[in-house]
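Annotated features, as they stand in TrEMBL:
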type: BINDING; residues: T113, K114, S115, D116, G161, N162, T163, G164, V165, G166, K167, S168, S169; note: GTP binding site
type: BINDING; residues: C247, C252, H254, C260; note: Zn(2+) binding site
type: DOMAIN; residues: 64-220; note: domain 'CP-type G'
type: DOMAIN; residues: 73-218; note: domain 'EngC GTPase'
Amino acid sequence: MLEGFLVKAIGGFYYVESSSHVIYECRARGVFRKKEVSPVVGDHVEIELDAQGKGTVCTILPRKNSILRPPLANLDLLCIVSSVCDPQPNFFVIDKFLAMSEHKGIEPVLLITKSDLQSPEEIRRIYRHAGFRVFVVNTMEDGDLTEVKELLRGKVCAFTGNTGVGKSSFLNRLAPQLALKTANISQKLGRGRHTTRHVELFRLEELDCYVADTPGFSTMDLARYDVILKEDLQYCFREFAPYLSDCRFTGCSHTVEKGCAVLKALDEGKIEPSRHESYKALYEEAKQIKEWEL
Ligand SMILES: Nc1nc2c(ncn2[C@@H]2O[C@H](COP(=O)(O)OP(=O)(O)OP(=O)(O)O)[C@@H](O)[C@H]2O)c(=O)[nH]1
Ligand SMILES: [Zn+2]
C-alpha cells in the first residue's frame with residue numbers, strides 16, 4: 001500500500017504521485033462506483049501496485065473540501081480571475097465564486113488581468129474594501145507576479161474565471177514549461193476549444209505547489225454550481241460579519257428589513273453597493289431552491 005496525491009484524471013485512469021514524485025497510472029477499485037463516490041483530482045489516496053507497476057486506488061483519504069465543477073478536492077486557494085475589460089468584469093460572477101469559496105472553506109483571492117488595457121483601480125478598490133487580497137497582472141509587465149508566486153508557494157490552487165479573461169496566458173507566464181494552450185495558439189492550430197480538456201494539477205517545482213487551470217465557463221454554467229442555502233449566504237460575504245448580530249430582527253434577510261444593520265452599513269458606505277447587489281441576487285436565487293432539489 002502506497003500513499004499518494006491524485007494529480008490527473010482522464011478516461012477512467014487516475015494518475016497518482018508519490019511523495020518522491022513518481023507518477024503511477026491507476027484504475028479505481030469497483031467499490032467506489034457502487035458507493036457513488038469516486039476519486040477526484042486533489043485527493044490523497046492509498047494505492048496498491050501489482051507486479052507490473054500498475055496501480056489500483058483503494059482508499060480515498062478524508063477531504064478537507066471539494067468542488068463539483070470541475071471536480072477537485074483539497075484546495076488551499078481559489079484564484080478568481082477577471083480581466084479589467086475584454087471581457088468586462090462580471091461582478092455577480094466574481095461574487096458568486098467568492099461566496100462559494102467562503103462556503104467551502106477555500107481561501108479566495110482575486111487576480112485582475114489585462115491591466116495594460118484599462119485601469120484596474122476601481123475593481124481593486126471594491127474588493128480590497130470588501131476584505132479580499134487582490135493582485136493585478138498583465139502580459140506586458142510583471143505587476144504583482146512576484147506576490148502571486150509567494151502566495152502560491154506550497155499550496156494547491158485552482159484558477160477560475162470567465163472564458164477569455166487570460167487564465168492560460170497568466171499560467172504560462174507563471175510557468176512557461178506548462179505551455180497551456182492560449183486562445184491564440186489553439187485558433188492557429190484550428191482546434192475546437194474546450195474539447196480535449198481534462199482535470200489536472202500541474203506541479204510547479206520552483207514553488208512546490210500545484211495549480212489547476214479549470215476550463216473557462218460561460219455565465220450560463222454558473223446556475224448549476226454548488227448551491228448555498230439562503231440562511232447561509234450572509235456568512236459567505238465576509239464584510240457583513242461585523243453587523244450580522246446588530247439587526248433588529250432575528251432571521252433578518254438583510255435585503256429590505258427596517259433596522260437591518262447590514263443595510264445601515266451599506267448606506268454609510270461601509271459595504272460596497274455592487275457586493276450587496278450580488279448578495280440580493282444570490283439570495284433570490286437561493287429562495288428558488290426547493291428542499292427536495294438539495
Ligand atoms: N492585452 C492583453 N491581452 C491579454 C492579456 N492576457 C491575455 N490576453 C489575451 O486574451 C485572450 C484570452 O486569453 P487566454 O489566456 O486564452 O484566456 P483563458 O482565460 O485561459 O480562456 P479560456 O481558455 O477560454 O478559459 C488571448 O487572446 C490573450 O492573448 C493581458 O494581460 N493583456
Ligand atoms: Zn439585517
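Cβ atoms here come from the backbone N, Cα and C positions, even for glycine.
Location within the structure of each feature annotated in TrEMBL.
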| residue | record | contacts (Cβ under 8 Å, 6+ apart) |
| --- | --- | --- |
| T113 | GTP binding site | V81, S82, S83, V84, V137, N138, V165, G166, S169, F170 |
| S115 | GTP binding site | V84, V136, V137, N138, G143 |
| C247 | Zn(2+) binding site | H254, E257, G259, C260, A261, V262 |
| C252 | Zn(2+) binding site | G259, C260, V262 |
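Annotation note: T113 (GTP binding site) sits in a strand segment as assigned by DSSP.
K167 (GTP binding site) falls within a helix when secondary structure is assigned with DSSP. Its Cβ taken as reference, V165 (GTP binding site) is surrounded by 25 other Cβ atoms within 10 Å in the chains shown. In this structure, C252 are the binding-site residues from S115, G161, C252 whose C-beta falls under 6 Å of some atom of ligand 2. Computed over the domain 'EngC GTPase' (73-218), the whole-number mean pLDDT of the model equals 86. Filtering T113, S115, T163, K167, C252, C260 by Cβ distance to ligand 1 (under 6 A) retains the following binding-site residues: T113, T163, K167. Listed in sequence order, the residues Y243, L244, R248, F249, S253, T255, E257, G259, A261, V262, L263 complete the 8 Å Cβ shell around the Zn(2+) site centroid, once C247, C252, H254, C260 themselves are left out.
Across the range of the domain 'EngC GTPase' (73-218), the DSSP-based residue counts are 51 helix, 35 strand, 60 coil.
In this view, T163 (GTP binding site) is surrounded by 15 other Cβ atoms within 10 Å of its Cβ, with every protein chain counted.
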